[in-house]
Structure formats: structure tokens, C-alpha cells
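Below: the structure, in C-alpha cells.
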Amino acid sequence: MTKFVFVTGGVVSSLGKGIAAASLAAILESRGLKVTLLKLDPYINVDPGTMSPFQHGEVFVTEDGAETDLDLGHYERFVSAKMRKANNFTTGQIYESVIRKERRGEYLGKTVQVIPHITNEIQAFIERGAKASHDGKADVAIVEIGGTVGDIESLPFLEAARQMSLRLGRNQAAFVHLTLVPFIASAGELKTKPTQHSVQKLREIGVQPTALLCRADRPIPDDERAKISLFANMPQDAVISVWDVDTIYKIPQMLNEQGLDRIICEELRIDAPPADLSMWSRMVHTLENPQHEITIGMVGKYVDLTESYKSLIEALRHAGLHTSTRVNIEYIDSEELESGHTQVLESLDAILVPGGFGKRGTEGKIRAIQYAREKTVPYLGICLGMQLAVIEFARHVAGMQDANSTEFNLETEHPVVALITEWQDRDGRVEKRSADSDLGGTMRLGAQRVPVQTGTKASQIYGAEVNERHRHRYEVNNHYVPQLEKSGMIISARTPSENLPEMMELPGAMHPWFVGVQFHPEFTSTPRDGHPLFKAYVEAALAHRQRQAQRAVA
């Protein structure tokens, strides 16, 4: 029978509940347990697919095509289980499901209320999500409840968790509460009062934390932990200090050294061998002792909020791990390049244009791509980054000066990138779409297997086949592919049924390393295994840096 750990947050949001949950999961997995995770989001949106990155950060895409919270990316990077649609749900999905049942008459004429109908539905979703991994036989399911204690939006989720722990019985559920202990510079001390009030608020709704994770910018002294334990009505060893570190991959060791996994296993009556965190120790050692160093320029329009590119940033770090390289990322606002000032690109060892939507900043990205192509700087384009690479090549190499995407210019003479107008939905029905269709859930989503052309960089990186996740509405227009290929571009991977370009590259005679992919490889990169594409990209950046150094000496 699966046991549950509910992770809640207090005082403020963005304390790192997702990292804490993923780190605990990693420790429990290292003890030989099968672990899965769920994220419960209190917002009324059905999913984050149409939310602004400034509001929500990255949208993480699962293998089965769900647009989910970025915390699911942390989960997949920290544990071996693959997340699915059932591992993330929102208030919007809960209410949608309950209203559908009410319309079908499933409540037999009863008054539909938050308690019990909404809370029962939340519990049903939690139990369904816990069975999404490990063939439904997970030993532990860690359930992260979004928001903070005291938010009106989170109350039904907290109430559902309380009811569920009561229904499951003793030693079947535990609660971990993450809270803030701020340091007041003017007083020169840490203040525990916000944490005391947060735990008090949690206890008011019937939840007593099993363990308390206290976030601060420094380790919390024992006397402050003793004070917190007194007011929180819990043992002092269950008050765990979680201070700021330079890499999130130190967190599992930090929590293990303070006995969090022991406390949880004792509460849940789980008998498991000691944790083996040697892999995490090696990882941290490699991060702290790199043999090489490069700087990659990430050209985008959300560069002021790097959470928008969370999986991509981590994928580059993973590649650094597997090549003993410190990867520095310079975030470049694409709008600032539109005036033609490309001096900021001159010191870079490689250039990357990530995925995105909308016209704003695209001409600046195209200038960066042109610079990378003409100056033979290694280039990786992801999703929109590949589409813009095709547009840049069409304009400046293939002679189509007006080339563009219909996303940016419906009247373009050469629509080398165009809207996907027809595809199958998840039930196998063929759907027609237009620019006026709903935005939510109307993209090519999820993993897809694609054959790779032999003798290409793509085949050197991936072998015979690519299996990556997608999230896009627009595709390279097949009508223009012959003209692009005639000018030198190589389409190195195509979808088997529609024959749509999935990867493009330039031959070695034109550029040492210039690759674009329509999919999102960052979603499948992990610190354990890295990712072959990002590893090849970092190696290309190292080679470019070495060539530049040799030219400087000559």
C-alpha cells in the first residue's frame, strides 16, 4: 500500500517546496524505495499552458503530453520515475470534473459543496496520481501542495490532505512543512515568529507537521531550533535547517545529514536500508572542481525571469557535469539586438535560442543566429530557435528576403514556417485548427519517435532514432524544404507520417556545429545521465573556445 508525504509551505511562496520534495524523494529512492511525486496547484487555470512565463515560469511537458508545473521537471531530474498528466492537477481541473459529474447527475440531486465533493475529488485525483508511476506500486507518494498556508485557494487541498491522512490511518501519512526564517540585518538576528505563526495556522486546520524545514540564508543555530520546536509542538531534531547553497544538488545531502529521511521512515513505519548518496556526492564534487569553462549566450525575451528556462538551464549544467565544464550562461535580451549592436555576442563560446511564442524580440534573435552562422560560433536552436534559424537561412542564404513565419506575418511572401492546420488529438480524432482556435491544449504535445538520417550530426548524437517531447503550434513549411536543401541546409530528422522537419543542421563545409531541433530536449535531461545533444553542444563550445585561443596566440 502506498504511503503519503504531504509537503506544504508557509509565510511566503517560492521557498523551494519543489526542490525540498524532490530531494526527499531522491533520498528515499537511494534507500531502495519506489517513490513518485505529485504537484497540486491551487489556481483555477486548467493547466499552465496559456499562462505567461512572467506569471508562472516554465511549462514542463511530460512524456504523455501534459503541460504541467515546472516542479515536475525537478521531480524527473531528482528521481527515476517519469511524471505523467496525473502527477499534476489544478483547482480548475477539480472543479471541471465535479461540474461534469453534477451535470451527469452522479450526485443524485444533492447540493454540491466544497466539503465533501471538492475534497473527495481532490483525494481521488491524489490516489490516481500516486498510481501513475511504478506500475501503480509506489512505496511512497510525495504530494506537494502549492501556495502557502493561509491562502484561501489552498484550503480545500489542505483539508483534503487532512481528511486523507485520517482515513488512511496511523503511520500511513506524514506532513513536511517548509517555512521562512528571515534574517533581519538591522537587528542582526534570525526571526522565528513568522514560522511560529505559520505552524499555528497549519495546526488550526488540523494538521500537525511531522518535520519542519526552516529556510534561511544561513544555518539556524540550535537555540533558535529549540525555540521553534517548543512553539511548533514537535521534537527539536524534526526542526531542520535548510540554508542557501550554490547548487540545488547539495540539498539531498543536507536533508539526509539532519535525518529527515529517518524521521519520515519512522513516522511511516518503513524499514529501509541507509541512504546511499554517493552519486550526489560525486556530482557536487564535479560541479565544484571543473576542468574547463565556457560561456553560452542564451538569447530570449524572458531573460529577466530565468525560471522561464529552468529545464534548459539545468540541462546545460548537466552537460557541464558530464564534460567536467563550468557552464556560464549570459542572458541576452533579444530586443536589445534588434538595433544591430552585436558586440555582446563577441565574447561567447556558443549561442542558444530557446523556445518561445510571439513576435516580440524575434528579429533580435534572427540577428544573433546570423552572427552565429557567419562567425562560425556553435549554435543550438530549440523549437522557435530552430524555426528562426530556418527563417534566417532562407533570407540570407536561400535568397528569400521576405521569409518569415505566419505567426509573425500572415502576409509574408515566403511562409517558411506555418501553423499546424491538422493533426490528431489524444483520442485519435483528426482536428482542424486555425489562427482563431483556442490556445489551450492545441499544440503538438508529448513524446514522439522520429527516425534520423544517417551520416549527419544528428545521427552522431542520437543514433538511428530520436524520442523527444514537443510543445509547438508551428512547423517548418515542407513546400520550402527543397529550396532550403538546395542552398545547403540538411534536414536530418523528419516525422515518419507527416514528413515534417524535426531537426536541421548545416554541413561541416558551411559551419562546424549549427543544429536546430523542433522538440524540447531539455525536458529529458537529468544530472544522472545528462543528454547527448547538450553534451555535444558543450563539446562544440569547448572546441570553438580552443580554436579562438589558438588564433589569438597565432
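Each residue, glycine too, has its Cβ placed from N, Cα and C.
Because the structure is a prediction, the values reported are computed rather than measured.
Taken together, the residues in the region 'Amidoligase domain' (1-270) have a mean pLDDT of 95 on the 0 to 100 scale. Residues annotated as region 'Amidoligase domain' in Swiss-Prot: 1-270.
Annotation comment: Swiss-Prot describes SER14, LEU15, GLY16, LYS17, GLY18, ILE19, ASP71 as ATP binding site, evidence class sequence analysis. In the three-state DSSP assignment, the secondary structure recorded for LYS17 (ATP binding site) is helix. Taking all protein chains in view, 26 other C-beta atoms sit within 10 angstroms of the C-beta of LYS17 (ATP binding site).
For ASP71 (ATP binding site), applying a Cβ distance below 8 Å and a minimum sequence separation of six or more within one chain yields LYS17, GLY18, ALA21, ALA22, LYS39, PHE60, GLU144. Sequence annotations record features per position, and here Swiss-Prot assigns Mg(2+) binding site to ASP71, GLU144.
The domain 'Glutamine amidotransferase type-1' annotation in Swiss-Prot covers 295-547 and rests on sequence analysis.
Around the Cβ of CYS383 (active site, nucleophile), the number of neighbouring Cβ atoms within 10 Å comes to 23. In the three-state DSSP scheme, CYS383 (active site, nucleophile) falls into the coil class. If you look up Swiss-Prot, you'll see CYS383 marked as active site, nucleophile.
With a cut-off of 8 Å between CB atoms and residues at least 6 apart in sequence, the same chain places VAL61, SER311, GLY355, ILE382, CYS383, GLU468, ARG469, HIS470, ARG471 near HIS520 (active site), listed in sequence order. HIS520 (active site) falls outside any helix or strand according to DSSP and counts as coil. The active site feature in Swiss-Prot is assigned to HIS520 (among others).
Residues or ranges marked as active site in Swiss-Prot (evidence: sequence analysis): GLU522 (among others). For GLU522 (active site), the number of other Cβ atoms no farther than 10 Å from its own Cβ, over all displayed protein chains, is 28.
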Intrachain C-beta neighbours of GLY16 (ATP binding site), sequence separation six or more, cut-off 8 angstroms: LEU178, ARG215, VAL242
Between ILE19 (ATP binding site) and GLU522 (active site), the C-alpha gap once rounded to whole angstrom: 18
Three-class DSSP secondary structure - ASP71 (ATP binding site): helix
Longest CA-CA distance among SER14, LEU15, GLY16, LYS17, GLY18, ILE19, ASP71, per record bound to ATP, angstrom: 12
Residues close to ATP site centre defined by SER14, LEU15, GLY16, LYS17, GLY18, ILE19, ASP71, Cβ within 8 Å: GLY9, ALA20, ALA21, HIS74, GLU144, LEU178
GLU144 (Mg(2+) binding site): secondary structure state under DSSP, collapsed to three categories: strand
Inter-residue C-alpha distance, LEU15 (ATP binding site) and GLU522 (active site) (nearest angstrom): 24
